[in-house]
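All remarks here apply to the structure that follows.
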Amino acid sequence: MRNVTQTTPQTVTRIDKPRREYLAGLVDSLLLIVARVGANVLALVWTMLLVRLVQPSLSGIAFQAIAMAQLFSILLTLNVESGAVRTLVPAMREGRLDQAAGFIRFNRRIMLFSVPFLAMLALLWHGLFAAPELSVRVILFVALGAIMVALARMTSRHATALGVMRKGLLPRLLMGPIVMTVGLGIVWLADWRLQPWHVAALYALSEALTVTVQHYLLRNDLGRFKDQPANTEGWRNWLSLGLWLSPGLMMSEYRKALLIAASAIVLLPAQLSLFAIAFSIINIVNFGVVAVDVAFSPRIAHAMAGDDGARRDRLLAVSSAIKLAGLSLGGGLLLGLGHWILGWFGADYLAAWPAMMVLLLLPAGSILFGPASIVLSSRGQGRLDFTGNVIGATATILAVTLGGVMGDLTGAAVGAVIGHLVNLAIMAWLCRSRLGVDTTLLSLRHLRAASTNSGAPA
């Protein structure tokens, strides 16, 4: 009887620990889903204000300016911050604070060296697209916005790796849409005349305020590294991994920017505005999917670092179930209310309905093939991640431009989906063939296995 009494708490602990971990992942996922959905609702509000304040041709120029600021931001940091989870998590766990401090400082130094190259790229872009709407002021605020976007992304990545994801990611999700909504709302109420450079300036301001809030919330978390000696011996590996993961960043977080930039090659500015509106609506669902992956990525990285395959598979299964439930709800709402929502932007935007329905396949594809890129990067497979995403990015640009030529707006949407599916399929295949990890929707089978094991006697 004594033995039973002694082992029962241990058994409960073994069972409850993974449950608490999954519950924590669920809470983080739901919080980020709510934040991302809220951010995208606000994005729809400010987008609606924008398209009602200016004609579609001018709003198309504004959307293109914001997209280019986001793409330029990748070049500023060389995406070194994407290795934060892989570098900072083990460094903090093993007490190597000097290496953690070195990684954070190296990220910041990269930006200082990259700013002159950004200026040259901005001037080159202005020379290639010397349209009257793309004035020097637009280019100036695009460059400034790129710097702020890079800082916000870098700080968010560091916060996630340090275990304080909410302090870094929530401001990044919410501050921008709030500032854009308030700013354009004031313009609408005051009945001021709006130009594309005004929108670019407001976007740069929104990102600057995001960085300010982030650093205030993280002042204690990042402050502990201020006087810490910096060990940057691993800078070559950090830089190499960041460069290898850059196409992945472009294909995931900045997919909208890439699609707008690619669509701008073949679509008129007015059509580009419709494409941006359709994608913005779909992002309510798509960002919910991304939120789950972001919330679970540190836990998946921990499991893979400890070679705990069973825990890794269960985490992938739980995240798949959450994403599938979100897609079912979001997809159903868009099917029922999507046409009505498009009407908010004006009668001209009802023509974006077919494209919006096609773009709904983007989050569906992400759930079908799973977060293979996260798994590959967690195992340091930068070359595989790079290869898959380069092929995917190339396929996306080609498919969008070819689709836009053949089918205008809807054709560009079809091309976007084709490029996305090609990218995801390649990544899932690489993950399965090289690492033996199944990230697809078939991972749901591990939920049943986990339930069976939890219910079995210890």
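A Cβ is built for glycine as well, from the same backbone N, Cα and C atoms used for every other residue.
TrEMBL has this to say about the protein:
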type	residues	note
TRANSMEM	22-49	transmembrane segment
TRANSMEM	61-89	transmembrane segment
TRANSMEM	110-128	transmembrane segment
TRANSMEM	134-152	transmembrane segment
TRANSMEM	173-190	transmembrane segment
TRANSMEM	257-278	transmembrane segment
TRANSMEM	322-345	transmembrane segment
TRANSMEM	351-374	transmembrane segment
TRANSMEM	386-406	transmembrane segment
TRANSMEM	412-431	transmembrane segment
| message | Below 8 angstroms Cβ to Cβ, which residues of this chain, lying six or more residues outside the transmembrane segment (351-374), approach it? | response | 248, 251-252, 255, 274-275, 277-279, 281-282, 285-286, 288-290, 293, 296-297, 300-301, 316, 319-320, 323-324, 327, 330-331, 334-335, 338-339, 342, 385, 388-389, 409-410, 412-414, 416-417, 420-421, 424-425, 427-428, 430-431, 437-441, 443
| message | Is the transmembrane segment (257-278) in contact with the transmembrane segment (386-406), using at least 3 Cβ pairs under 8 Å (sequence separation of 6 or more) as the test? | response | yes
| If you count Cβ pairs under 8 Å, which stretch among 110-128, 134-152, 173-190, 257-278, 322-345 touches the transmembrane segment (61-89) the most? | 134-152
| Which residues of the same chain, at least 6 past either end of the transmembrane segment (322-345), have a Cβ under 8 Å from a Cβ in it? | 26, 29, 33, 44, 47-48, 51-52, 277-278, 281-282, 284-285, 288-289, 292-293, 352-353, 356-357, 360, 363-364, 366-367, 441, 444
| message | Within the same chain, where does the transmembrane segment (257-278) have neighbours whose Cβ lies under 8 angstroms from its own Cβ atoms, ignoring anything closer than 6 residues to its ends? I mean 6 or more beyond. | response | 47, 51, 55-61, 63-64, 66-68, 70-71, 133, 250-251, 342, 345, 348-349, 351-352, 355-356, 359, 393, 396-397, 400-401, 404-405, 408-409, 412-413, 416
